[in-house]
Every structure is written in structure tokens, then in C-alpha cells.
Amino acid sequence: MQWRSIVIGLLLLRLALNCVLWLTFGLGFYQNFYSQKVDLYGENEKVAFENPSWLNHNPQNGDSKTWSKNVKHTSKNSYLNYFEDSKDEYAQKYNSFPDNLKVKMKDMAKEMFYFGYDNYMKYAFPEDELNPIDCEGRGPDVLNPSNININDVLGNYSLTLIDILDTLVVMGNVSEFHKAVKLVIETVSFDKDSTVQVFEANIRILGGLISAHILLTDSKQPFGNVGLQDYDNELLHLAHDLAVRLLPAFENTSTGIPYPRVNLKRGVPPDSINETCTAGAGSLLVEFGILSRLVGDSTFEWVARRAVKALWKLRSNETGLLGNVVNIQTGQWVSKQSGLGAGMDSFYEYLLKSYILFGDKEDHKMFNAAYESIQSHLRRGREACNEGEGDPPLYVNVNMFNGQIMNTWIDSLQAFFPGLQVLSGDVENAICLHAFYYAIWKRFGALPERYNWQLQAPDVLFYPLRPELVESTYLLYQATKNPFYLHVGMDILQSLEKYTKVRCGYATLHHVVEKSKEDRMESFFLSETCKYLFLLFDEDNPLHKSENKYIFTTEGHVVPIDKRFREKVWKDEVVVANTEKPEVRPANTSINCNRIPDERRYALPLKSVYMRQIDHMVGLL
């Protein structure tokens with residue numbers, strides 16, 4: 001009988017041990033995701049993830065290839081072999097996308113655009129925006145001039161109509177485009193007592209006018225007969241008038257970095273602050289540069305380029321990073337946070353896009369140097385996107401001078417960065433970062449303005465219908481033609497229809513968890529979000545079939561990559577000293593998009609094991 005007692009005792013001990021392990025790695029999973037190892041598979045195929053290392057400082061000596069501990073595998077235990085030999089729910093869900101469904105999604109995106117556009121024209125025009133819940137127009141908040149959330153953007157100049165002009169062309173509606181152009185010519189004036197943000201007026205209004213003008217006057221007419229009879233460059237004249245009214249922002253600054261706001265009638269307000277963000281001051285070059293070439297006046301490009309060079313000169317000598325907010329008179333950094341989101345995003349974007357448009361090698365050098373610093377100091381996680389052990393790559397907010405992490409949130413504007421990585425040729429890193437943002441979208445049906453990756457919860461809960469994730473999805477699909485990205489687009493479309501559609505349009509989500517709404521539909525929803533969704537599913541769009549090559553501004557406006565923009569019609573009168581460090585090409589970049597092998601184009605862009613890992617890390621599993 002004694003041996004039976006021993007056996008029973010051993011069995012009970014083993015059962016107790018199994019319960020403890022189950023509680024530790026089962027119920028306890030991700031209650032603290034900084035102290036766990038997870039068995040994602042069975043007894044014979046184990047994948048143990050190291051403790052997430054995003055809080056750890058980047059590697060010493062600038063070695064950008066050792067962001068996390070690498071663990072070697074035998075071929076027997078490698079989860080790469082497991083992925084290659086197995087089918088799972090991720091592959092089954094995402095590995096194909098029927099043509100008829102693609103047509104349905106394209107039509108759905110078009111209907112979404114016209115539901116918002118038609119109601120704007122019916123209830124809001126000539127005001128700047130539509131309040132989609134009350135079915136009313138919205139203009140500047142004249143009773144509260146300090147309400148910069150509204151007044152920075154709305155200038156009483158029919159913002160939404162100007163912002164969407166080229167979208168009408170992209171969607172093939174030439175007659176409505178002509179009608180809209182005539183309305184702008186007949187009704188819009190910038191002789192307004194409106195104080196607006198230079199950055200917003202530039203990307204939304206100036207960019208919209210320039211893009212529409214180019215489409216109207218393009219002799220090749222890739223979108224069909226878009227030309228308008230008796231058109232006499234009126235949109236270009238309006239763009240020039242607006243840009244002249246923005247020029248006072250560049251005056252009386254000891255650094256050359258512009259003031260953030262101007263009054264369209266009186267110039268810089270007397271009480272204007274001396275602080276501006278890096279993106280706001282350094283993202284004017286594309287629109288100003290094109291305008292200079294169209295009107296033959298170097299002034300606009302010169303002031304915009306001077307601001308970029310001034311910011312670039314202020315970067316850290318140790319890390320090569322820039323801060324978020326700078327004093328335009330002293331050149332001192334007010335905010336030393338360096339990241340990829342709000343306040344910095346389009347600065348990096350326009351370094352590359354300016355080079356693509358204008359061919360200035362100095363822009364390319366600056367972008368390459370900036371990208372190297374980003375990869376060395378902001379990027380955390382495993383070295384390779386699609387192989388190896390460790391946490392998925394993530395770009396964090398750090399101190400510009402030492403690379404130390406400053407907080408544990410990322411913001412929704414950072415979702416643009418995979419698209420920029422595609423343009424730079426770094427498709428692999430783009431795939432990984434995009435997958436992280438898509439996982440957040442799947443969890444909430446939207447992107448919270450800020451997401452705390454340590455707490456797995458939103459820090460700032462609203463979603464104003466931003467386009468950045470859709471933009472990156474579109475560009476990744478163009479680079480890889482992988483049906484996974486069509487599924488992402490479908491998920492986004494269906495979420496927008498389900499959670500944001502209201503009586504007269506689509507409304508900002510006030511709370512991404514509760515899905516409560518705010519009565520505002522920003523112009524970029526129609527000019528960017530709907531445009532990218534439509535193009536994602538419209539394989540035969542002239543934009544994709546034309547011999548012409550195009551690029552999108554940061555507001556999603558279409559501009560051609562045209563040799564005339566690489567030719568200056570003036571002589572440079574000012575020589576600026578070269579302050580560049582030697583060019584260092586980032587190790588992870590390529591000059592083209594051929595990093596994705598053919599055999600992977602219809603497999604998942606990111607292996608299932610890593611998708612599952614990311615889904616765990618945002619609380620989906």
C-alpha cells in the first residue's frame with residue numbers, strides 16, 4: 001500500500017506543478033508583458049519570446065545591428081521551419097482576395113467619398129468643413145481666437161473643396177472637378193482677417209491648388225480630357241497670392257525658421273509665440289519648391305529650404321537627431337523629444353520627397369543621415385523584421401541628445417512611416433511597423449491618437465479619421481502586391497462605415513473604445529483617407545497605368561515627377577555653407593523595392609509567428 005501512496009503523491013505533485021505553470025504562463029500572460037515567455041505551439045514546436053526590450057537603451061557604439069539579443073536555433077527547433085511547413089488561420093485569412101471583392105471595396109470607398117463630399121456641398125459650402133452630425137458648415141472660431149485646434153486649420157476659404165480637387169480627378173469625375181474648379185475661382189479669396197497655421201495652409205490649400213492646376217494644364221492628360229476651356233491659370237494665381245501672404249512668417253527670425261502662424265491680411269500677429277515644431281517649419285519645401293518653378297520666382301523655395309537647413313544645423317552632434325519644438329529666435333530646443341510622430345513626421349517625409357521631385361543631392365544626404373540616426377536610436381526590437389528572436393521592431397520617443405527613451409507611447413501620425421520606408425526601399429522594416437499599427441486598428445476599429453505600448457492601452461482616445469495607416473497600406477500594396485494589404489484596407493473601410501458614419505458624413509471618434517463621436521469631419525478624410533482607400537482597390541486607375549510617375553504630398557495631393565521640376569529657371573544668388581556630415585547610407589535600405597522575393601509575394605508579408613506575437617502585444621490574443 002505504501003507504494004500506491006507514493007505514486008498518488010507524485011501524481012498530485014505533478015498536477016500541482018502543472019497548475020502553477022498554467023497559471024503563470026496561461027492566465028498570467030501579458031498581465032505583465034515584460035516578464036513572460038510564451039509557448040505558442042505544441043510540445044514539440046516551442047517558440048519562446050524574450051522579455052520585450054523596447055525600454056532598453058539602444059546598443060553601444062552606434063551598432064545599429066544589435067537592437068535585441070539574437071538567439072540561435074537548430075533547424076529542428078526553428079520556428080521558421082514551423083511556419084514553412086504549416087498552415088494556420090493567418091495564412092488562410094489573408095493569402096487571397098477575390099477580384100469581385102476588390103471591385104466591391106472600390107465601390108464602397110467611392111460611395112464613402114461621395115457621401116461626405118455631397119453633404120459638404122449641400123450643407124457646408126462655402127464654409128471650411130462639414131459638421132456631419134448636425135449637418136452644418138464650420139468656419140473659424142471667431143469668438144475664441146485662441147482655439148487653435150480649429151483656427152490653425154480653418155481660414156474661411158472653403159478648405160474642404162480645395163483640399164479634394166485632385167481626388168475628383170483620381171476618381172474619374174471630370175465634370176464635377178470642372179464644377180469645383182469654377183466654384184473655387186469664383187468664390188475663394190485669401191484677403192481674409194484669418195490667422196492660420198503656415199503649415200496647414202501650405203499642405204492643404206497651397207498644395208490643393210497647385211495639384212489641381214498641374215492636372216488641368218498637363219499636356220499628356222493621363223486622366224483623360226481634364227483640361228478646362230478658358231482656364232487662364234487662375235488656380236496658380238490663387239496659390240501665388242496665398243504663398244505671398246505666408247511669406248511674412250519667414251521675416252524677422254534670427255534663425256530663418258518661420259513663425260508658426262500668420263494673419264492673411266496683416267502678417268505675423270504681434271502676440272505670436274517664438275516656438276514652432278520641426279514638422280511645421282520644415283515641411284514646406286515640396287509645395288513652395290513646385291510653386292517657385294511654376295511662377296519662376298526662387299523666393300518661395302529659398303525660404304523653405306533655408307528653414308530646413310536651419311533645423312538640420314541644430315541636430316545633436318552625438319545622435320544626429322532633432323528635437324520636437326524649437327525657439328525660432330534663439331535656436332534652442334524647447335522640446336528635446338525625438339520621434340516619428342506629431343511635430344516631426346513630415347520633416348523626414350519631405351527630405352526624401354524633395355529629393356525625388358527636385359533631384360537636389362543635399363536633400364538625399366540629409367534623409368540618409370536622418371534615417372541612419374532613426375535606425376540607430378529610435379528603433380528597438382529584433383534586428384530583422386521577418387526572422388530571428390526578440391520583440392517586433394518599434395520606433396520609440398527618445399531624448400535627442402542621448403537616445404534615452406522619454407515615454408512609452410506612440411501616436412497615430414507615426415503610421416505614415418512605413419509608407420516612407422517603402423519609398424526609401426526599406427520594405428522589410430515597413431512591413432513590420434505597419435503590422436503593429438494594423439494590430440492596434442484591429443483591436444479598437446480605429447487608431448487612438450496615442451497608444452501606450454507598455455500599458456497596452458490608449459493614452460489619448462480620439463480618432464479624427466486620419467489617413468496615415470491607409471496611406472502606408474496602399475504604398476505597401478503597390479510595392480508587394482500582397483493580398484494581405486487588401487484585407488487591411490477592407491477592415492479599415494468596414495470599421496469606418498460601422499463606427500464613424502453619421503447622418504451627413506463621417507464623424508471623428510471621441511473615444512475609440514466607447515465609439516462616442518465628435519461633430520467634425522476634417523478635410524483630410526476626403527482628400528486622403530478616401531483617396532488612398534479607393535486607389536488601393538482600383539488597379540486600373542490611370543495613376544497606376546500611366547507612363548507618368550506621381551508622388552503624393554503629405555496631404556495626399558497628386559503631383560507628377562516631372563523633369564521640369566528638376567530644372568531651375570533662375571540662377572542661385574545665395575550660397576549657403578555646407579553643414580553636412582559625411583553621407584552614410586543606412587544599412588537596412590535599398591535603392592528599390594526588390595527586397596521582397598517573388599516566392600513571398602503571395603505568402604504573408606510577415607510570418608504568422610510574428611503576426612501572432614504582435615497581436616499578443618496589443619492585447620488581441
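Glycine is treated like the rest: Cβ placed from N, Cα and C.
Model, not experiment: these values are computed from the prediction.
Feature annotations, reproduced from TrEMBL:
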type	residues	note
ACT_SITE	E200	active site, proton donor
ACT_SITE	D345	active site
ACT_SITE	E449	active site, proton donor
ACT_SITE	E468	active site
BINDING	T554	Ca(2+) binding site
(message) Measuring Cα to Cα, how far is D345 (active site) from E449 (active site, proton donor) in Å?
(response) 14
(request) Round to the nearest Å and give the CA-to-CA distance linking T554 (Ca(2+) binding site) with E468 (active site). (result) 10
(request) Using the structure shown, find which entry in D345, E449, E468 (the active-site residues) has the sparsest Cβ neighbourhood within 10 Å. (result) E449
(request) Taking only the Cα atoms, work out how far E449 (active site, proton donor) lies from E200 (active site, proton donor), in Å, as a whole number. (result) 18
(request) Provide the number of Cβ atoms within 10 Å of the Cβ of E200 (active site, proton donor), excluding the reference atom itself. (result) 21
(message) Can you tell me the CA-to-CA distance separating E468 (active site) and E200 (active site, proton donor), as a whole number of Å?
(response) 16
(message) Among all protein chains shown, how many Cβ atoms are found within 10 Å of the Cβ of T554 (Ca(2+) binding site), not counting that one?
(response) 25
